[in-house]
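According to Swiss-Prot:
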- 1-30: region 'Disordered' (REGION)
- 9-18: compositional bias 'Polar residues' (COMPBIAS)
- 21-30: compositional bias 'Basic and acidic residues' (COMPBIAS)
- SER33: phosphoserine (MOD_RES)
- SER36: phosphoserine (MOD_RES)
- SER37: phosphoserine (MOD_RES)
- 71-169: domain 'Mis18' (DOMAIN)
- CYS76, CYS79, CYS132, CYS135: Zn(2+) binding site (BINDING)
- LYS153: SUMO2 cross-link (CROSSLNK)
- SER223: phosphoserine (MOD_RES)
Amino acid sequence: MAGTFSLEPCSTSSSCNHQGKRSESSLLEKRLSEDSSRHWRLQKWASMSSADASRTLLERREEKAAAAENPLVFLCTRCRRPLGDSLTWVASQEDTNCILLRSVSSNVSVDKEQKLSKCRDEDGCILETLYCSGCSLSLGYVYRCTPKNLDYKRNLFCLSVEAVESYTLGSSEQQIVSEEEFFNLESRVEIEKSIKQMEDVLTVMQAKLWEVESKLSKAGRYS
């Protein structure tokens, strides 16, 4: 009996290890899928907005004309407000999952509080945070100060791929705003405010009605 031992703990440990590996594998697959989706969007936008340097001048002109006819419009993923378009496209940054634009729409607000970039190879860059003026979603940042080797990024707007969606202007296959999202956030806020005011008025009227009914009931008993 002294020489006997149980294999159950070992089996349990092995099972836990297998479960842990399956969980890690699932998380890895999800992460790779998300990275692949972001990479695909970057490639799509880049291909729609810039020409390959190896193409002829005529081809580049034709592509530029086509892009001008059907440019991409970038939208906020939360409230679908237009943020900019591919006519101001400069470049894409796959390492940070961002697109660089020369200008943006009035729906993009800038937080004037400046901070240093924490991104790799961007030492010395001073940034200002960008956010959607409609829903306050963080969109990215704008480069305000850069070292000499990154001067080309200065005053460019860097929008995060995760915060931006796009559609092709003039495309009949895509709908800018669905019926469920017809009212923007400002309209919803105003409607909710009006409903709250109506509820308050009804509450006051109900209280007065009860008061009148109470007085009538007492008057009926005394008559």
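The backbone N, Cα and C atoms fix where each Cβ goes, glycine too.
Features per Swiss-Prot, on structure.
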residue : record              : Cβ neighbours (10 Å)
CYS76   : Zn(2+) binding site : 22
CYS79   : Zn(2+) binding site : 19
CYS132  : Zn(2+) binding site : 22
CYS135  : Zn(2+) binding site : 16
LYS153  : SUMO2 cross-link    : 19
Query raised in the report: For the domain 'Mis18' (71-169), DSSP counts of helix, strand and coil?
Result: 12 helix, 51 strand, 36 coil
Report task. For CYS76 (Zn(2+) binding site) and the residue listed as 'SUMO2 cross-link', determine the Cα separation and express it in whole Å. Result -> 22
Query - Whole-number mean of pLDDT values that fall within the domain 'Mis18' (71-169) - result: 86
